[in-house]
């Protein structure tokens with residue numbers, strides 16, 4: 001009997017590794033299909049569906065096959081056993097079955113109405129990613145690449161506007177979505193779809209913060225391919241880069257907001273504590289990422305000069321650059337800060353200082369390495385989004401909540417773009433035209449960051465409902481708005497085929513021809529741009 005038990009245990013372990021290989025094989029095939037589709041789209045100049053939208057389609061099809069073509073691995077694995085003596089869910093559970101002790105680890109809470117025959121399907125369980133994979137492996141290369149590939153001259157020329165959209169705009173979006181969703185939640189409680197204690201106002205704000213993370217990767221890819229007006233591209237790209245960082249820290253700050261008495265009541269002490277946490281975490285993460293970049297730049301400078309000769313070995317130089325950049329993320333997470341914010345500003349600072357100290361071979365290698373990692377990670381996430389619609393086993397579809405989310409997202413985007421653009425135009429010499437504002441409104445897609453924030457916590461039923469709704473909003477915005485980018489550019493008469501460098505030269509020539517006052521030009525340029533480049537010039 002003992003030998004039989006050990007044989008079954010070894011067999012289960014082998015099956016576990018086989019299922020892991022199947023999981024990786026599925027993603028491998030999905031990425032191969034995505035790459036072939038991208039080649040086909042680029043070859044035929046097909047712009048109505050971006051590569052990320054295609055990856056989601058393939059993920060949906062594969063998820064559908066896995067969901068309905070696989071069977072539960074056994075009756076026992078889907079059975080619920082009552083444990084009346086346990087008053088809470090322990091992180092680790094030791095179970096004695098016929099004098100054989102087994103160790104089980106806590107994974108997640110499962111609502112009663114979601115316990116079904118598919119709960120015992122081992123392949124479906126394997127296809128559900130651990131959220132830490134998104135935040136520790138897939139998201140850092142995407143965010144770092146965004147900072148490392150930043151066009152600094154255009155970015156700092158519009159820095160005031162970008163910061164306004166990213167910080168103030170994200171806060172407005174979060175509050176508007178939270179208020180509208182709270183109204184819909186109250187309606188759901190009134191008609192009996194929810195119980196009053198299940199969904200609080202802080203939950204609505206939490207949903208608002210994660211849905212405020214815009215990810216216009218589809219639109220920006222088309223902008224880049226068509227060489228759309230540089231200022232529009234920079235505003236949208238800069239907003240999306242900083243907005244991701246703000247949304248992540250804002251989501252964390254709201255999640256730790258805990259009024260002492262009524263969860264739906266305003267608690268001033270808890271509010272200011274959350275604001276302090278937001279500012280402290282953001283500033284600390286910024287300092288951590290920038291510090292690592294400066295250290296990397298100094299090391300690279302020593303390698304470039306007489307101190308060492310590491311620049312003669314581009315492979316080692318690139319490896320050191322990569323590991324120090326990754327260390328910024330890991331150090332911030334270990335210190336209780338936000339690694340995503342740290343790695344973003346690490347990328348921006350690396351591009352400004354370290355890149356110039358690298359050998360020519362290492363410059364090319366680092367650019368290609370992070371571009372490739374960004375491409376791979378982004379497509380894995382979008383493939384998994386398609387898979388998750390069928391393989392995630394705790395979906396809660398509520399028509400009223402989903403409808404409310406779509407309404408809230410569109411209203412919040414309008415409350416963000418149009419009033420802030422009006423205020424910014426009061427102080428900008430080069431105004432943000434109406435067609436740019438319409439295009440920015442249209443480009444408020446949701447993507448990888450919103451999805452990763454939603455899947456990070458799916459323990460309770462409200463969070464499961466948020467995750468399902470987030471997934472549907474991402475599908476709709478990527479397919480409909482992403483696919484409609486090219487017709488919208490034509491309809492709004494936004495110029496394309498613009499060379500960014502030629503655009504800057506033409507503007508400089510126009511300023512010289514107009515005999516603009518030097519002091520006026522200096523006053524209108526971004527103050528941080530002047531401080532940073534003044535610091536570089538001196539030191």
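Quick reminder: no glycine exception, Cβ is built from N, Cα and C everywhere.
Heads up, TrEMBL stuff is auto-annotated, nobody curated it.
Straight from TrEMBL, the features:
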TRANSMEM  20-41  transmembrane segment
DOMAIN    33-491  domain 'Cation/H+ exchanger transmembrane'
TRANSMEM  53-70  transmembrane segment
TRANSMEM  133-150  transmembrane segment
TRANSMEM  162-185  transmembrane segment
TRANSMEM  235-258  transmembrane segment
TRANSMEM  278-301  transmembrane segment
TRANSMEM  335-355  transmembrane segment
TRANSMEM  375-393  transmembrane segment
TRANSMEM  399-424  transmembrane segment
TRANSMEM  436-455  transmembrane segment
TRANSMEM  467-485  transmembrane segment
Selected stretch (most C-beta pairs under 8 A with the transmembrane segment (278-301)) from 20-41, 162-185, 235-258, 335-355, 436-455: 335-355
Contact call for the transmembrane segment (399-424) and the transmembrane segment (436-455): at least 3 Cβ pairs under 8 Å, seq gap 6+: yes
Per Cβ pairs under 8 Å, the stretch of 53-70, 335-355, 436-455 packing most closely against the transmembrane segment (20-41): 53-70
Range from 162-185, 235-258, 335-355, 467-485 with most C-beta pairs under 8 A to the transmembrane segment (436-455): 467-485
Contact call for the transmembrane segment (133-150) against the transmembrane segment (235-258), three or more Cβ pairs under 8 Å: yes
Stretch in 162-185, 235-258, 335-355, 467-485 most in contact with the transmembrane segment (53-70), if contact is a CB pair under 8 A: 467-485
Remote residues contacting the transmembrane segment (235-258) - C-beta distance under 8 A, at least 6 residues beyond either end: 143, 146-147, 150, 155, 158-159, 161-163, 165-167, 169-171, 174, 202, 205-206, 209-210, 212-216, 219-220, 223, 270-271, 273-275, 277-278, 281-282, 285, 338, 340-341, 344, 432, 436, 439-440, 443, 449-450, 453, 457
